[in-house]
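Q: Before I ask anything, let me first share the structure, which is written out below as structure tokens.
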């Protein structure tokens with residue numbers, strides 16, 4: 001409460017601000033909106049099928065890509081025929097009616113290559129046998145019989161040619177080893193990827209519906225994710241009541257606190273006004289009594305001073321005489337209005353304890369959050385039970401999902417394919433192991449041949465450089481010749497095995513590239529499968545995949561690859577309206593109705609009791625504002641004594657110093673002392689009372705003009721706040737419940753949207769089927785067939801270059817051995833005048 005000496009300006013400003021805020025808050029709040037949803041209001045659903053997705057595989061760039069491209073162009077030259085649709089149709093539907101001429105006509109390029117391989121297989125070993133026979137008869141591969149001037153040039157040409165063929169064979173052998181190893185590295189995971197992909201697809205198809213009562217998968221897993229919005233809604237329900245109470249308290253506290261502050265100000269005005277009225281009444285009585293007591297003493301003192309100053313013995317006293325004669329009383333407070341009647345009216349006030357009343361009102365208002373928790377406990381429990389019933393309704397999504405009827409055939413077809421491929425894959429893995437061993441062994445033989453060539457050429461060239469006479473025997477040159485012959489022998493011995501391995505792998509890899517991979521890339525295979533009659537009934541993919549009659553594999557593949565789901569591919573919307581089953585009101589209507597029907601009175605707060613109201617009304621009718629405080633102020637302007645006693649006393653003291661007569665001087669000093677005593681004991685006390693009276697008069701004069709209006713405004717504000725609090729609290733309650741309902745419905749709508757999207761694009765997505773087909777092409781063609789074909793191509797280059805290698809090695813061998821006899825020196829007699837030929841023993 002404001003004390004008697006409190007600042008009224010700050011109090012007035014606070015009251016004005018409080019009333020303005022109360023007026024603003026008392027306006028209808030129907031336009032207030034909910035707070036916008038924060039990022040925390042977005043639910044996050046984990047991906048339920050990440051573990052059964054089919055990861056997309058892509059062709060990995062490699063340093064061998066130019067070799068792969070060269071092989072593909074070579075195969076395109078070998079096999080220029082398009083996909084043999086007629087031949088394949090006959091082979092699939094009636095294998096016994098396939099004619100050999102049709103196969104030969106289509107495989108004409110491979111037949112030509114087979115003839116070349118057969119010729120090589122026969123011709124090279126036969127040539128080797130002939131060479132061995134000739135060597136045994138000493139008719140070939142021996143020594144040069146005569147030294148000619150062109151031997152050096154021929155020897156260098158043979159060395160260069162053999163080096164070039166060795167480099168070509170070495171390059172091919174390295175490429176063959178690298179591609180051979182790459183085929184091995186890709187074959188094992190590639191073969192394992194076939195059943196894994198089929199199994200993954202089958203799991204994907206099987207996991208779309210609920211496959212077992214105790215194993216919730218696919219749609220059931222999606223339905224189980226309802227726990228995310230359910231837990232969020234239940235969590236929000238736990239804080240709903242307190243949130244509503246706090247919202248009511250927050251939005252209404254400014255209005256309520258402003259009314260309580262205004263009430264506290266009026267109670268302070270009552271207390272302070274009563275205090276100042278009592279001071280005013282008491283001070284006026286004291287001042288009136290003091291004036292009556294001071295009047296005779298002042299009159300007597302005036303007579304004595306006038307008589308002294310009028311004494312002829314008083315020197316220069318005439319100047320002060322007039323001032324002494326005017327010494328008389330000033331203000332007369334018996335003339336001011338009486339406040340006795342006002343005090344009589346206010347007697348006994350305040351009858352009520354305003355401080356306790358305000359504390360109780362404030363406590364009742366601050367307890368609204370706890371009251372909201374208590375009043376809403378029952379409906380919160382009902383809403384929790386309703387969420388359990390909503391969970392049962394959501395379960396019907398999984399129970400009524402129709403995809404099992406459409407996916408069962410696909411799953412069965414995939415299971416059959418998985419079972420049938422297992423034996424074939426095991427055999428393919430076994431043959432691949434044999435192929436790798438044979439390829440590695442034969443590549444090692446080729447490297448051994450190259451090593452013999454290199455060692456032979458190095459030793460032979462070194463022996464030639466150390467030989468002084470062409471007919472001399474030199475062990476290093478002889479050793480070089482023997483190494484070359486070892487390489488020749490290995491070439492003759494293993495050439496037929498090399499050509500057989502090359503042709504076998506060429507026949508398999510070439511047909512895989514030209515018949516399968518090339519037509520897979522340009523989608524000719526899909527067109528062949530889509531053409532009616534090409535496939536036998538047992539291989540009808542449209543029926544096995546349960547495609548609609550007006551669709552085909554190519555269209556289904558393109559739709560699946562573009563991200564379409566089984567809903568679009570199978571047109572399931574005609575049989576099961578997913579949007580109809582995923583409408584929010586179907587599940588949340590009762591939840592929304594229970595919240596909409598809830599009401600509670602949360603704003604019944606009593607701010608002012610009847611006795612307090614009576615005190616304020618009595619204060620307003622007391623007449624405080626009717627007192628003429630101007631009369632008090634006019635009287636207070638008049639001093640207590642007309643002439644200043646301190647001034648007159650100082651004048652007398654000055655005259656005392658001027659007197660020659662000691663008696664007069666003594667009397668002047670005594671009179672001055674008496675005036676000072678009267679000033680200090682009586683007049684100064686009255687002046688203090690007048691100052692105190694002035695404070696009360698100023699307060700009451702400022703309060704009086706606005707008293708009636710302020711009390712009336714305060715009572716009206718209290719009445720309005722007490723009347724509006726329940727209405728506003730109910731409005732805020734409805735608004736908060738509405739916001740809460742919309743928020744929770746948004747949570748549920750997010751879940752249903754996620755369910756719709758997941759069932760159409762993820763759980764019921766057929767993209768894994770298209771991805772699996774693409775992965776099959778990448779594994780079979782890019783990762784296995786390409787290095788497979790590069791292997792036989794490199795090994796074939798090595799094999800065919802063995803023929804010039806054998807020829808050059810045999811011819812070069814003669815140059816590393818001593819000649820049988822030498823020719824006459826080609827030099828002139830002038831340069832060699834004393835040349836004496838010597839007999840040389842030649843060894844055969």
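The backbone N, Cα and C atoms fix where each Cβ goes, and this holds for glycine too.
Because the structure is a prediction, the values reported are computed rather than measured.
Grabbed the feature section from TrEMBL, which reads as follows:
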COILED    373-400  coiled coil
SIGNAL    1-31  signal peptide
TRANSMEM  108-136  transmembrane segment
TRANSMEM  157-179  transmembrane segment
TRANSMEM  436-462  transmembrane segment
TRANSMEM  483-508  transmembrane segment
TRANSMEM  790-812  transmembrane segment
Q: Let me spell it out: take the transmembrane segment (790-812), skip the flanking residues so only those 6+ beyond its ends count, and list any with a Cβ under 8 Å from a Cβ in it.
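A: Non-local partners: 64, 67-68, 70-71, 74, 120, 124, 131, 140-141, 155, 158-159, 161-162, 165-166, 168-169, 172-173, 175-176, 179-180, 183, 439, 442-443, 446, 449, 453, 456-457, 460, 484-485, 487-488, 491-492, 495, 498-499, 501-502, 505-506, 509.
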Q: Which residues of the chain, 6 or more past the ends of the transmembrane segment (483-508), have a CB below 8 A from one of its CBs?
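A: Distal contacts: 110, 113-114, 117, 120-121, 124-125, 127-128, 131-132, 141, 435, 438-439, 442, 445-446, 448-450, 452-453, 455-457, 459-460, 788-789, 791-793, 795-796, 798-799, 802, 805-806, 809-810, 812-813, 816.
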Q: Is the transmembrane segment (157-179) packed against any residues at least 6 beyond its ends, judged by a Cβ distance under 8 Å, and which are they?
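A: Counting only partners 6 or more residues beyond its ends, the transmembrane segment (157-179) has Cβ contacts under 8 Å with 64, 67, 439-440, 443, 446-447, 449-450, 453-454, 457, 461, 787-788, 790-791, 794-795, 797-798, 801-802, 804-805, 808-809, 811-812, 815.
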Q: Any residues 6+ beyond the ends of the transmembrane segment (108-136) with a Cβ under 8 Å from its own?
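A: For the transmembrane segment (108-136), the sequence-distant neighbours (Cβ-Cβ under 8 Å, at least 6 residues beyond its ends) are 77-81, 488-489, 491-493, 495-496, 499-500, 502-503, 506-507, 510-511, 799-800, 802-803, 810.
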